[in-house]
Amino acid sequence: MSLTVMKFGGTSVASVERLQKVADKVIKKKEAGHQVIVVVSAMGKTTDALVSMASEISSRPSKREMDVLLSTGEQVTIALLSMVLVERGYDAVSFTGWQAGIKTEAVHENARIASIDTSLIRPQLKKGSIVIVAGFQGVTEDSEITTLGRGGSDTSAVAIAAAFGARRCEIYTDVTGVFTTDPRYVNKARKLQEISYDEMLELAYLGAGVLHPRAVEYAKNSHLELVVCSSFSDEEGTVIKEEVSMEKTKSVRGLAFEKNVTKVTLLGLPNSVEAVSRVFDAIAAKHINIDVIVQNVLDEARTSLSFTVDHDVLNETLDVLREQEKELEYHQMIFESELAKVSIVGSGMASNPGVAAQMFHALSARDIKVKMISTSEIKVSTIIDESKLIEALDTLHETFHLAEEESVSL
Ligand code: ADP
Ligand code: ASP
Ligand code: MG
């Protein structure tokens, strides 16, 4: 009998009424003869509400306690969904992450899954029960509760699917699939029928919140077919897999963006690799992630270094740099907030050198200043003013013909 893993996100399980709709989909799958494992998120905005309560108590709550707190959200959903299914005459049983044998590394708030002991759930599947597992959570070797990072239930679902040898993992959400960009920001965004792992991975890392990046990484590594579809309709979703047969002619497959970006610049830094390394070492020591980096050599002796950080960690970043002003030997530090990162992504880009130029032309035609640039084989990212974000997305969507079906070539 084939096993299917179905994952339902926060909006999809936001109320008891929604849980009944989720149950309809789960029952349909079960009746079609599948073994079913359901992975769920916390209901609605529960996780946000828990985060906000913690922040009323402390500006730096303990990461361990945050994990104990946030993991409660998913535990509510599993029990309620199980009750709904049992009321409807089906055998269903709920498992927290630790009951399901989901072991993680010993890192709070952003742990990676290390292993899954499938022997704990298998007997239930064998007996025909629908198994419901709490997403986003696991446990360390030392029995500490951990969470996988915001949006991490996708990753739980894919990891479970891989561990149980399922060939397919279905992610049910509040949109009908993966679009050319976030449909909440660009009305003309178009649903993609298929997208490759590499393109999806890039989009997810660059901010497309529809899938947790690690979920795509795990799916790619285990050659698992990942489907993103709606929990609100029966419309066909998007398939994420190795090779994409359609739209091969397009250089750009989609746009991703991140808001809340801040650029920090150190002026008058000594012009040496050691001096630049010292800056990054100091920041890394505080576990602060930096993103786009640009260095401008001013003369033989001095250089200026700019990099971006998420606005949430700006104060921490400035504190570190101020504390070490003497050792780092810079003359002045400035920063600029309210920026956004806009990226174009597509594997066709690697063989089409004009794409970056097309992007810059399109942005400059709208008077949108590009403040920083970063590229890889399959993406170009630009840092712009956040106030210009929607305009930039619209113009890039247009420039790269993303609203049009696959017959268009660039
Ligand atoms: P869930 O709670 O089901 O995990 P999320 O809010 O995490 O749902 O992800 C779905 C949301 O992702 C959509 O509502 C949409 O606004 C956003 N999104 C961002 N980029 C994309 C994209 N390229 N395609 C579809 N949705 C996207
Ligand atoms: N509930 C968690 C969050 O809101 C995990 C998830 O929904 O995937 O981030
Ligand atoms: Mg999500």
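Cβ coordinates are placed from backbone N, Cα and C, and glycine is handled just like the others.
No curator has checked TrEMBL annotations; they are predicted automatically.
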| request: Have a look through Arg184, Arg190 and flag the one TrEMBL assigns to the ATP site that Lys7, Phe8, Gly9, Gly10, Thr173, Asp174 belong to. | output: Arg184
| said: Checking proximity to ligand 2 here: which binding-site residues out of Lys7, Phe8, Gly10, Thr47, Thr173, Asp174 have their Cβ closer than 6 Å to it? | reply: Gly10, Thr47
| Quick one: DSSP breakdown of the domain 'ACT' (264-347) into helix, strand and coil? | 30 helix, 35 strand, 19 coil
| request: Round to the nearest Å and give the CA-to-CA distance linking Gly9 (ATP binding site) with Glu74 (substrate binding site). | output: 10
| task | Go through the binding-site residues Lys7, Phe8, Thr47, Glu74 and pull out the ones with a Cβ less than 6 angstroms from some atom of ligand 1. | result | none
| field | Pairwise C-alpha maximum, in angstrom, for the residues (Lys7, Phe8, Gly9, Gly10, Thr173, Asp174, Arg184) that bind ATP according to the record | value | 22
| note | Most Cβ neighbours within 10 Å, among the binding-site residues Glu74, Asp174, goes to Glu74
